[in-house]
Amino acid sequence: MDLQNQMKKAVAQAAVDQIQNGMILGLGSGSTAALMIEALAIKIKSGEIKDVVGVTTSFQGEVLASELGIPLKSLSSVSEIDLAIDGADEVDPKFQLIKGGGACHVQEKLVAALAKKFIVVVDSTKLVEKLNLDFKLPVEVLPSAWKQVQKTLINLGGEGNLRMAQKKAGPIVTDQGNLILDLTFRNGIDQPELLETQINNIPGVLENGLFVNLTDEVLVGKVESDVVGVESLKKI
């Protein structure tokens, strides 16, 4: 196992260690979240964790959790989530995030917003000084509106194109049946709070991948002298 995967596994386990009996859990998407789901399933099977139920943020996560025997509920059936755990594509010093590399950010944001506590699990490569310098910002749009939205986003300084599928012809289609525009802002994103609102106010936009003022704790996998460890970053 390479060092990056070791870091992912370490933070996934550290997040699962915070789960208590009887919790309603938000189970995130992506490679690190998948490791977290697997670690949770092991603890449930051993009896170390009892009476928990998960709310998944993607169809992929739902399939994995179901196969591993984790009890699930739909998002619409819960009024509150005790703890949500998810990965991120970028994390800035103020705990603002870009998510949506897996095109699941709409459900991910709904789950994070409903959680009493939202933990983000990442390896150290995901920590950045400024968002969007290296990772594009995904914006989910109605299929009939993508051209109109694309033109409007140019006025906000964002240049973007449809995310295309790798193993089929045509664009990526989200779990909600929409399309993704991946945006780049020339100098990165200076004001995530403002930009999140501006983008979501554009007709035809369902949601964007900026997660603003949602994160309570970031668990970071780090390597020092070839030893993998986990650092907990919390808001002051």
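Don't overthink the numbers, they just go from 1 along the chain as shown.
Yeah, the Cβs are placed from backbone N, Cα and C, and that goes for glycine too.
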Worksheet item: Which candidate from LYS126, LYS130, LYS147 does Swiss-Prot annotate alongside SER29, GLY30, SER31, THR32, ASP86, GLY87, ALA88, ASP89, LYS99, GLY100, GLY101, GLY102 at the substrate binding site?
Response: LYS126
Fill in: Intrachain C-beta neighbours of LYS99 (substrate binding site), sequence separation six or more, cut-off 8 angstroms
ASP86, GLY87, ALA88, ASP89, HIS105, GLU108, LYS109, PRO138, GLY209, PHE211
Practice prompt. Across all the protein chains here, work out how many other Cβ atoms are within 10 Å of the Cβ of SER29 (substrate binding site).
Written response: 29
Worksheet, complete the sentence: Widest Cα pair spacing in Å over the listed substrate contacts SER29, GLY30, SER31, THR32, ASP86, GLY87, ALA88, ASP89, LYS99, GLY100, GLY101, GLY102, LYS126 is 15
